[in-house]
Amino acid sequence: MGHMNDEEVDTKEIDAVSVSSSKRHGDNLPYVHKVGLPSQQNLVKEFKTTVKETFFADDPLRHFKDKSKSRKFMLGIQAVFPILDWGRDYTLAKFKGDLIAGITIASLCIPQDIGYAKLANLPPQYGLYSSFVPPLIYAFMGSSRDIAIGPVAVVSLLLGTLLQSEIDPIKQPEEYLRLAFTATFFAGVTQATLGVLRLGFLIDFLSHAAIVGFMGGAAITIMLQQLKGFLGIKTFTKKSDIVSVLRSVFESAHHGWNWQTILIGASFLAFLLFAKYIGKKHKKLFWVSAIAPLISVILSTFFVYITRADKKGVQIVKHIDKGINPSSINQIYFHGDYLVKGVRIGVVAGMIALTEATAIGRTFAGMKDYQIDGNKEMVALGAMNVVGSMTSCYVATGSFSRSAVNFMAGCNTAVSNIVMSCIVLLTLELITPLFKYTPNAILSSIIISAVIGLIDYDAAILIWKIDKFDFVACMGAFIGVVFSSVEIGLLIAVSISFAKILLQVTRPRTAVLGNLPRTTVYRNIEQYPEANEVPSLLIVRVDSAIYFSNSNYVKDRILRWLADHEEKHKAKDFQGIEFLIVEMSPVTDIDTSGIHALEDLYKSLQKRNIQLALANPGPAVICKLHASNFVDMIGNDKIFLTVADAVQTCKPKMHIEV
């Protein structure tokens, strides 16, 4: 900061200068920069800037600038239907990759869809319906090239659990189905609304750690639910917690298990896990794990048919309705008692589906280095579920297992979803009668092998290493799902995520700073033990905005630092604290309560004959400090650009090493 040559003497003694003196910027001291005061914005402009940064940070209308009306119209259509943009450059070479990928994911989705429909307590054809219409809608409106659309295990389980708590699917199948369509409709409305209003940041409140725990717990619950079909149990508990399920399993051990069913399930589960291992071990053989479920269905169905194992207690699918999706728009509840229940279930299912699809889309977009518009994705997902609810579909979203297969199969665009949808259409029209003798055990095996990947041990271990509170959130969600229910686990996950946010907001970190030897840099003395505290000065940094929720804590914590510092040096030749310097670089904003807290801090320090100085307040903060007259209270000469400026000005007599 001075203007000395390297050959000059290493240290320079600065004469004592009164801080309140007008000569503090005289020849004895190096030049000290003043903190700049940004130009004042009018209220309307400030409001517009705040709204833009909150909801339109990506500047979605930048492509429309300086364009003709016809061009703006075309860009608007392309924004709603991205296929009109990338479709112009579509080639036969790209179609070859999409065709192979579409056929591959279709072979995986068909058996999965039948199983997932049972997980949602719906007839098997509804799983196939949900892989026909929604992927077509998404292909035209979605911006992800790799995501594969259809029913997924977690959402199917969640939907089945929530619906079953309202209506018995066996005693009232028609009402149950209508409530499922209603929930799907409002799940789509929720997703589309979040996209249109650009409120996608709301799903980020469910932390990664909570999602890891929730998904792991849901995977355990799903596998436990499959024990009914895997063991051939006819009477099974409707509860999903581990205690109730295991009690039901062991109570039926002597009379409810069927050894032929167990043999079929165990044999093909081993085959599916081996195929998955081969696919992971050798990336080029990914198609082995993708086609294994369909091969399992074909072989097991043929085996049951020729041996007539269904006559020996092996439960089979029996009947799947043939034909494409019938209209269901007249079955959606738009009034009555079930409307509110449908809205509640739909919002929960829609948010979880949105979280999963967003995570998948971002993952694969990052791997291929392209951008997806999160808000457009929400609108696309919402539109496909709204249309799906009117065409006998239940909640569909992005499937991680299918998207991974889609990615590895070499998909280039969303046309792979169209190919998959066409194959599902052919299945509905021609092949569904062939699934009559498919054993339930094979569907259970397929689901078990599919959801095992949702248990992410490595992620849980990494969370433990990085953040113990995150690990508590992870395990809280996991335990809630496994030992209670999916909705309780979800509630715990959301609650812990919010608790973490509140804890960080209300209890921000503070630190005492010291000078790093041979520099003018001041850093946390706990992180840098070699940093030296400056005699008669206490330098404290606040690592957060100062709001009503934490203002009193910040003030009390600074005073506690002061008391601890005095207590620490009491036994030594302690000359006492003369200045408290608050480093405010991390303080991005301050409100009225925060300013009152600084005023109270200033008054408390005055009683102790300690002066207050601030270092590097940001533009928003310095404007508010001037507006509140706090700058006049402590003096404009007590606000500095850097901690080094504050130290060299406030310290009566010190050595500066150059």
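From the backbone N, Cα and C atoms, a Cβ is placed for every residue, glycine too.
All annotation found in TrEMBL is predicted automatically rather than curated by experts.
As written in TrEMBL, here are the features:
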| type | residues | note |
| --- | --- | --- |
| TRANSMEM | 147-164 | transmembrane segment |
| TRANSMEM | 176-197 | transmembrane segment |
| TRANSMEM | 209-227 | transmembrane segment |
| TRANSMEM | 257-278 | transmembrane segment |
| TRANSMEM | 285-306 | transmembrane segment |
| TRANSMEM | 343-365 | transmembrane segment |
| TRANSMEM | 377-397 | transmembrane segment |
| TRANSMEM | 403-428 | transmembrane segment |
| TRANSMEM | 440-464 | transmembrane segment |
| TRANSMEM | 476-499 | transmembrane segment |
| DOMAIN | 527-650 | domain 'STAS' |
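Three or more CB pairs closer than 8 A are found between the transmembrane segment (440-464) and the transmembrane segment (147-164), so contact between the two stretches is assigned (pairs 6 or more residues apart).
Per-class residue totals from DSSP over the domain 'STAS' (527-650), listed helix then strand then coil: 59 helix, 21 strand, 44 coil. For the transmembrane segment (257-278), the list of distant contacts is 229-233, 285, 288-289, 292-293, 296, 299-300, 303-304, 309, 312-315, 439-442, 444-446, 448-449, 452: same-chain residues at least six beyond its ends, Cβ to Cβ under 8 Å. Of the candidate ranges 285-306, 377-397, 476-499, 377-397 contributes the most Cβ pairs within a distance under 8 Å of the transmembrane segment (176-197). Sequence-distant contacts of the transmembrane segment (209-227) (same chain, six or more residues past either end, CB-CB distance under 8 Å): 119, 153-154, 157-158, 233, 240-242, 245-246, 249, 355, 359, 444-445, 447-448, 451-452, 454-456, 459-460, 463, 467, 470-471, 473-482, 486, 489-490, 493-494, 496-497. The transmembrane segment (476-499) is not in contact with the transmembrane segment (285-306), judged by fewer than 3 CB-CB distances under 8 Å for residue pairs 6 or more apart in sequence. The average pLDDT for the domain 'STAS' (527-650) in the predicted structure is 90.
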